[in-house]
Amino acid sequence: MKVLNLGSKKQASFYVACELYKEMAFNQHCKLGLATGGTMTDLYEQLVKLLNKNQLNVDNVSTFNLDEYVGLTASHPQSYHYYMDDMLFKQYPYFNRKNIHIPNGDADDMNAEASKYNDVLEQQGQRDIQILGIGENGHIGFNEPGTPFDSVTHIVDLTESTIKANSRYFKNEDDVPKQAISMGLANILQAKRIILLAFGEKKRAAITHLLNQEISVDVPATLLHKHPNVEIYLDDEACPKNVAKIHVDEMD
């Protein structure tokens, strides 16, 4: 596991955007696992700049989002469908829509939708890169504490802490969906390479638990210790004291 403090959200996001761009440039049929939320805004902003500057052919790139709120239509401003369109797919409108995969949070039968999305993940094979954030309680995707390590795509009852943390995106806390559909932990670990981003003081405790705690369902992110190729990029505020700062120009 590689852990790097790049000083700021902007610097870390730029570095990871370059990693995604290189993957798409050198592997035109690559498969990317994508994440959403406030952590990822600078990442997509930087990636869009790189794509527009170089007019990269992404017609054969496939994307797979981690999760979606249950009960929100794709057109809802707080849905992750809307987020991805707003942050990436409308900003660089050359991705092939048939290769964009995001769980449907408004399906009539959500358990069937979870099974369907899991089938897509299995049929498409390993993602080349999986992008992750981390929740204040150590969740990855929407896999809350207590989620079995062998879980696959499933419907999640969101914890009070997650609902509270996400309420800043809604008019009030009561508007936050109480469930989500999420890739399971086993799905996440199937990726060839995992890149986790964490920014801000509120994420420091979760990162500290991830780095120092034994693998436990109480902190789902600790499962990443079982994966052979994990990179964690932090800013100063999220970084535990024992991780030294490094500048992007010092990296290979």
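We number each residue from 1, going along the chain as drawn.
Glycine residues also receive a Cβ, built from the backbone N, Cα and C atoms like all the rest.
Source: prediction; values computed, not measured.
All protein chains shown were included, and the count of other CB atoms within 10 Å of the CB of Asp67 (active site, proton acceptor) stands at 23. Taken from Swiss-Prot, the feature active site, proton acceptor applies to Asp67 (among others), supported by sequence analysis.
The active site, for ring-opening step annotation in Swiss-Prot covers Asn137 (among others) and is backed by sequence analysis. Taking all protein chains in view, 19 other C-beta atoms sit within 10 angstroms of the C-beta of Asn137 (active site, for ring-opening step).
For His139 (active site, proton acceptor), the same-chain residues 6+ apart in sequence whose C-beta sits under 8 angstroms from its C-beta are Pro145, Thr147, Thr159, Thr162, Pro220, Ala221. In the three-state DSSP assignment, the secondary structure recorded for His139 (active site, proton acceptor) is coil. What Swiss-Prot records for His139 (among others) is active site, proton acceptor, and it gives sequence analysis as the kind of evidence.
Sequence annotations record features per position, and here Swiss-Prot assigns active site, for ring-opening step to Glu144 (among others). Under a cutoff of 8 A between CB atoms, and with a sequence separation of 6+ in the same chain, the neighbours of Glu144 (active site, for ring-opening step) are Gly135, Asn137, Val156, Asp157, Leu158, Thr159, Thr162, Pro220. Annotation note: Glu144 (active site, for ring-opening step) sits in a coil segment as assigned by DSSP.
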